[in-house]
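Engineer: What follows is a structure written as structure tokens; I'll ask about it next.
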Amino acid sequence: MTATLERRESASLWARFCTWITMNENRLYIGWFGVVMIPTLLTATSVFIIACFAAPPVDIDGIREPVAGSLLYGNNIISGAIIPSSAAIGIHFYPIWEAASLDEWLYNGGPYQLIVLHFLLGVCCYIGREWEFSYRLGMRPWISVAFTAPVVAASAVFLVYPIGQGSFSDGMPLGISGTFNFMLVFQAEHNILMHPLHQLGVAGVFGGSLFSAMHGSLVTSSLIRETTENESANNGYKFGQEEETYNIVAAHGYFGRLIFQYASFNNSRSLHFFLGLWPVVGIWFTSMSVSTMAFNLNGFNFNQSVVDSQGRVINTWADILNRANLGMEVMHERNAHNFPLDLASNESLPLALVAPAING
């Protein structure tokens with residue numbers, strides 16, 4: 001009997017890299033989307049941290065009055081922010097090599113574009129990575145679908161809204177007080193509180209919080225005890241066990257009697273699908289509202305729409321909201337606008353009807 005020994009061909013470096021990238025047994029799954037996700041998110045995070053501490057003031061309004069947002073320039077954690085790119089740049093792509101110098105790039109708010117664009121690309125790849133990992137494990141794709149909600153919300157305020165308004169200077173600043181400033185100005189300019197898509201989004205977020213609290217409390221209140229009275233109920237379960245840990249029939253019966261029968265689910269799959277669907281669809285609606293208002297399809301305006309038989313205005317909540325909007329409009333960008341257009345919308349009064357005669 002003759003035995004033939006052949007040298008096993010070693011896999012190429014590329015083949016080993018492909019195997020390692022797509023291996024399910026890694027402590028952290030990388031995947032092909034992760035190849036793009038990791039460097040983009042690391043870049044966005046690194047530039048964000050550096051800019052938070054040391055970025056120089058940015059001429060956000062394009063009127064040569066720079067606004068400081070970093071900690072080294074007198075801000076704290078609450079007031080600090082990454083200031084959006086200058087209105088002088090508009091929606092032009094503004095990488096470092098487009099500026100004459102690094103100082104000019106910083107003065108015009110280049111770090112904001114760098115952070116936002118890398119961040120959005122990174123989180124989109126995170127969606128793809130979730131789908132890829134689920135596919136390789138034989139799971140269904142709903143985890144990646146659910147994560148589209150925060151991604152489209154971020155895309156709406158960081159990308160779609162600036163494009164619709166014509167400048168990255170209208171994007172949301174990357175900071176706590178900057179976020180609140182963005183919300184107030186958005187309300188003043190677009191009346192978002194009266195936009196039906198935003199109202200659906202509020203119902204989705206608050207409803208999702210309510211349903212999550214209700215579900216969690218019902219589950220923890222109807223655990224199937226596997227231990228004695230002298231031992232914690234938490235000790236009777238194993239991670240990944242096949243047996244149910246709580247009695248859904250008991251939870252369904254309790255909640256059905258607490259409200260009414262059809263207000264509760266008796267099917268675990270439909271229950272959890274609803275819990276995932278409600279907030280995700282709500283955030284989708286909110287993102288759509290911001291995206292439509294980016295192109296000035298604003299919220300409803302019912303100002304002075306209720307009058308009595310004499311034609312006198314009966315002030316409603318819409319009129320109060322309008323006055324608040326005007327106040328916020330006056331306060332923001334006070335150096336860029338001498339007189340808000342909203343307050344100058346009435347008919348102009350003639351100051352001189354006839355030119356004076358000059359007798360020389």
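A Cβ is built for glycine as well, from the same backbone N, Cα and C atoms used for every other residue.
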Engineer: Which one of 49-63, 274-288 shows up in Swiss-Prot as transmembrane segment?
Structural biologist: 274-288
Engineer: Kindly point out which candidate in H198, H215 is recorded by Swiss-Prot as part of the quinone site with S264, F265.
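Structural biologist: So, going by the record in Swiss-Prot, that would be H215.
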Engineer: Of the ranges 118-133, 246-261, which one does Swiss-Prot flag as transmembrane segment?
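Structural biologist: Checking Swiss-Prot against the ranges 118-133, 246-261, the transmembrane segment one is 118-133.
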Engineer: Would you please say which range out of 87-108, 197-218 has the annotation transmembrane segment in Swiss-Prot?
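Structural biologist: Per Swiss-Prot, the stretch marked transmembrane segment is 197-218.
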Engineer: Using C-alpha positions only, work out which of the binding-site residues Y126, S264, F265 is nearest to H272 (Fe cation binding site).
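Structural biologist: Nearest listed residue in space: F265.
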Engineer: Does the transmembrane segment (142-156) come close to the transmembrane segment (274-288), meaning at least 3 CB pairs under 8 Å for residues 6 or more apart?
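Structural biologist: Between the transmembrane segment (274-288) and the transmembrane segment (142-156), contact is present.
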Engineer: Counting a contact as 3 or more Cβ pairs under 8 Å, with residues at least 6 apart in sequence, do the transmembrane segment (142-156) and the transmembrane segment (118-133) touch?
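Structural biologist: Between the transmembrane segment (118-133) and the transmembrane segment (142-156), which are separate recorded stretches, there is contact, as judged by 3 or more close Cβ pairs.
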Engineer: Roughly how many Å separate the Cα of D170 ([CaMn4O5] cluster binding site) from that of Y161 (site 'Tyrosine radical intermediate'), to the nearest whole number?
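Structural biologist: Given the Cα positions, D170 ([CaMn4O5] cluster binding site) is 7 Å from Y161 (site 'Tyrosine radical intermediate').
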Engineer: Listed quinone-binding residues H215, S264, F265 - what's their greatest C-alpha to C-alpha distance in Å?
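Structural biologist: Greatest Cα-Cα span of the listed binding residues: 10 Å.
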Engineer: Of the recorded positions listed here (Y161, H190, H198, F265, H332), which is spatially closest to H215 (Fe cation binding site) when Cα positions are compared?
Structural biologist: F265
Engineer: Find the shortest Cα-Cα separation between F265 (quinone binding site) and the recorded positions H118, Y126, Y161, E189, H332, and name the residue that gives it.
Structural biologist: Y126
